[in-house]
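Trainee: Sending over a structure as structure tokens; questions will come in a sec.
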Amino acid sequence: MQGNNPIFGRAEGFNGRHATYDAAAPSAEELQNMYAAPSATPVQTGRMTYDDVIMKTGITFAVLLAGAVVGWMNPGLAMIGLIVGLVLGLVNAFKRNPSPPLILAYAAFEGVFVGGISQIFENYAISGRPLDGIVAQAVLGTLAVFGATLLVYRSGKVRVTPKFRRGVMIALIGYGIFSLVNLLFMWFGSSDSAFGFRDGAFGMLIGVFAVGLAAFCLILDFDFIENGVKQGLPAKFAWTAAFGLTVTLVWLYLEILRLLAILRGE
């Protein structure tokens, strides 16, 4: 088979012209040693493992938390973190192969945004009235949703089917369009609310829907990780899994933070 890659096309084994070598038959002792040798592990064969995903996700979140500390101490940097994080997020999402430096850069700038916006909610809120403890509540809520979603997925009660994927994608597109319209309304409309259409009872309904949608996205993340390990994806795709989990969990945290602010009267 001849590949499109010019390097492979010139390499023996990819161009159909194999070199021949005189190889001596292995001895009985060599055959016995080969048989007794332990089978190669996924790490030795360069395949993705659960440990890979856990380690890469841990590194990504460590960078995210470091950025969050910077953002908490300098909330004025939140907008910069948001814009740069959004750009890097889109770049990473459309890359065919994961780039660890770009993923970690995304985590750093997204952390700055998360830390800054969290500090504003905790100490200033929207109307100037502090919402003491709201960040801790949002973190606990995020962990609770993550844990519950993981338990439900591991129980096998939720199956990721093509229909399930299509449903989540349609819901994501619809939610994205609504969020864009709401953002434009907040910028150019005559709304006095900091959340635009996402205020009051309707805002709470949208918030609950968004949290549920983020949980469904977590299920897709778990499914990608499980199938990636089973199918023996290259180890580099552990970074893709870490990036996906980071994006989903940050989104989930922000939705819970906003929902709690609405529930507390902001």
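Placement of Cβ uses the backbone N, Cα and C atoms for every residue, glycine included.
Look at TrEMBL and you will find 53-70, 76-94, 101-121, 133-156, 168-189, 201-225, 237-254 tagged as transmembrane segment.
Quick one: how deep are these features, and who are their neighbours?
Mentor: Counting only same-chain residues 6+ beyond the ends of the transmembrane segment (53-70), those with a CB under 8 A from a CB of the stretch are 77, 81, 100, 103-104, 107-112, 114-115, 118, 225, 229, 238-239, 241-243, 245-246, 250.
Panel annotation: around the transmembrane segment (76-94), residues 67, 70, 102-103, 105-106, 109-117, 120, 243, 247 of the same chain, lying at least six beyond its termini, place a Cβ under 8 Å from a Cβ of the stretch.
Sequence-remote contacts of a segment are chain residues at least 6 beyond its ends whose Cβ falls under 8 Å from one of its Cβ atoms, and for the transmembrane segment (133-156) they are 118, 121-122, 211, 214-215, 218-219, 222-223, 249, 252-253, 256-257, 260-261, 264.
Counting only same-chain residues 6+ beyond the ends of the transmembrane segment (201-225), those with a CB under 8 A from a CB of the stretch are 50, 53, 145-146, 148-150, 152-153, 158, 160, 164-165, 168, 171-172, 175, 178, 195, 240-241, 244-245, 248-249, 251-252, 255-256, 258-259, 262-263.
Counting only same-chain residues 6+ beyond the ends of the transmembrane segment (237-254), those with a CB under 8 A from a CB of the stretch are 48-49, 52-53, 55-57, 59-61, 64, 89, 92, 98-100, 103, 106-107, 110, 114, 117, 138-139, 142, 145-146, 211, 214-215, 217-218, 221, 224-225, 228.
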